[in-house]
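> Have a look at the structure that comes next, please.
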Ligand SMILES: [Zn+2]
């Protein structure tokens, strides 16, 4: 398993320090979220909405990672979480991810929350809330819904302000570079 810091050719990640929590579990979550944010930055550099995701095994090693690839792959399902979960299943040759933690920089949408439940992911850690489309607590709570047959632990808000700043920065930059008229409507979803 690969367990190393993000490649130096990733674009720099904007990190706003969170409160100085020194709980070992918090520090572990923060460490992997830094990686998810680096993946998100790489997606942004490729013209994608910046969202990154990392799957980590129970032994604390990296299983798989993914970044938003929707534009590049012309794939409406290529959200960072889906990419990472698919790779995790392929790498393990097993779609059951009960012992895994999924780190993602933005609260999952309904599609990704559904995939997280389908993959039996044991724990979800995410950064920024998505007030418009978040399907874990903002707009709806899919994991706790009656249609869900799997319960998981959810830890929101890890480096949430950094993830939010990264998204806001990306949308602000896109607005600045967009033509003054005739541009398509703003879409806040990755
Ligand atoms: Zn999604």
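All residue numbers here begin at 1 and follow the chain in the order shown.
Here the Cβ of each residue, glycine as well, is placed from N, Cα and C on the backbone.
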> Since TrEMBL lists 109, 112 for Zn(2+), which candidate among 79, 145 does it give for that site as well?
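Candidate in the recorded Zn(2+) site: 79.
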> Check the DSSP secondary structure of residue 79 (Zn(2+) binding site), expressed as helix, strand or coil.
coil
